[in-house]
Amino acid sequence: MSEATGWPFWVMVVAFIAIGMGTSCMYLGAVATCAKNYGKGKHKGIMLAVPIAAFGLSGMWQSQLGTYVLYERKVDGSRGDVDVFRYFLFLGILLFVIGVIGTFALRIVDDEEEEYIDRTVEDLERSGLLEESEFFRPRHEIQAAYGTFNADAEEGSVTLSEEERQQRKRDLEREEEERRKKNWLLNYETRIFLQDPTMWWLAAGFFLVTGPGESFINNLGTVIPTLTPRSYAAAAPPAGLPSTHVTTIALTSTIARLLTGTLSDFFAPVETHLFPPIPEDRRRARLEAEQANRPTLSRMVFLLPSALILSCGYLLLSTPLPLIDPPLLHLTTALVGFGYGGAFSLTPIIISVVWGTENFATNWGIVAMMPALGAALWGVIYSTAYQRAVNSGSGFADGQCHGWSCYGLWAVTSTISVWIAVGVWLAAWRGWKKRGIVV
């Protein structure tokens, strides 16, 4: 047998690291732009859900494109497997074009950022939180920081009038003060976010929910053969083709993201977020006016059922029913996609409500690392159980595992994990209620 030729394995590892980093940057950039542009309006839920839904929807049409367009032809002319080279070449060109467009198109409109920063700092100053801040130094200290720079600038600008030099100096001081004010505010918000126990409860629940979800999506290609009897051809498994399940997950998760975003906008109560602080009299007046006009439901009322729907998918998979009737895997996939999509849409919305939108990219970026950690953990659980089942006699000659023992332990632990996440999120919700934060 001749040795395979090609690039070394580490090249692929580096490539996938770059793919992951680039995808995350594009995703966070789009969501953060929507959060800052629409985070203070009445429709923040749907506006945050749209880029998140697009992120999930891309898997549907791209998987179908790979299956039915970018495929290898067999000797008899029939459709074979995906042509990996052409498929990745297509993705590379597509992402490069979209990235260039996003670089110039993603902008914060209306330039409300400076006004927001000034208003937030004033609210914090009135609340007494800034009395010990290093930011609020006397004015002459700020001017002193420009002593050397301004002297050099004046020496090189002898042709300028005294009035022009003073105006230039004031402009530089104002720009520096705005920059320092923004940096201080972002650092302050990050400290508040990381020191908040409810943030860690929210992140822990997100970890427990998204870990099994990512693992299920990543291992669909091996779950399907476990439900395929020996008598079936590999090209027509009764549980369905992987591309079909990817499409199902993309569609159901997209529907869930758009639906939960819309419903959370329609029923959500008036924000009484942690940061920036809202004066008590204004908060009470807004609450009374809002409650008099329409019924309200907390966003947690949509998040918790999404998690329970997700657990129903794993619970169904952990029973013997899919082995008896393999097409039931489609129902599992739909439940997982819907529950996973709802949780992935509502979590960033809740973060923007509780901790504000100015530092949203950092805050959501921290919590958004949970799926990667969860996927690693539950991926190990799945692969360990799968290999153990193969070694114990559940494998075929082709090396594929067949039967409940291949995935059953993983499905049970995933179900329990989501139930624990529901309890953790209830604890976070209770903490917000105690502090008067309405989500």
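Heads up, the Cβ atoms here are built off N, Cα and C, so glycines get one too.
Annotation source TrEMBL lists transmembrane segment at 6-33 (among others). Long-range contacts of the transmembrane segment (6-33) within the same chain, counting only residues at least 6 positions beyond its ends with a Cβ under 8 Å from a Cβ of the stretch, are 48, 51-52, 54-55, 95, 98-99, 102, 106-108, 348, 360-361, 364-365, 368.
Sequence annotations record features per position, and here TrEMBL assigns transmembrane segment to 45-64 (among others).
Sequence-remote contacts of a segment are chain residues at least 6 beyond its ends whose Cβ falls under 8 Å from one of its Cβ atoms, and for the transmembrane segment (84-109) they are 22-23, 26, 29-30, 33, 36-37, 62, 65-66, 70. Marked as transmembrane segment by TrEMBL: 84-109 (among others).
Residues or ranges marked as region 'Disordered' by TrEMBL: 154-174.
The annotation compositional bias 'Basic and acidic residues' is assigned in TrEMBL to 162-174.
Residues or ranges marked as transmembrane segment by TrEMBL: 300-317 (among others).
When Cβ-Cβ distances below 8 Å are used as the criterion, the transmembrane segment (337-357) is approached by residues 31, 35-36, 39-40, 44-45, 48-49, 52-53, 56, 120, 189, 192-193, 196, 198-199, 202, 206, 209-210, 213, 248-257, 259-261, 264, 268, 271, 273-276, 299-300, 302-303, 305-313, 363-364, 367-368, 418, 432, 437, 439 of the same chain, each at least six residues removed from its ends. According to TrEMBL, the transmembrane segment annotation covers 337-357 (among others).
The feature transmembrane segment is assigned by TrEMBL to 364-387 (among others).
If you look at the transmembrane segment (407-428), the same-chain residues 6 or more away from its ends with a CB under 8 A from one of its CBs are 198, 201-202, 204-209, 211-212, 215-216, 223, 226, 300, 303-304, 307-308, 310-311, 314-315, 317-318, 339, 378, 381-382, 385-386. As annotated by TrEMBL, transmembrane segment applies to 407-428 (among others).
Assigned with DSSP, the residues of the compositional bias 'Basic and acidic residues' (162-174) fall into helix, strand and coil as follows: 13 helix, 0 strand, 0 coil.
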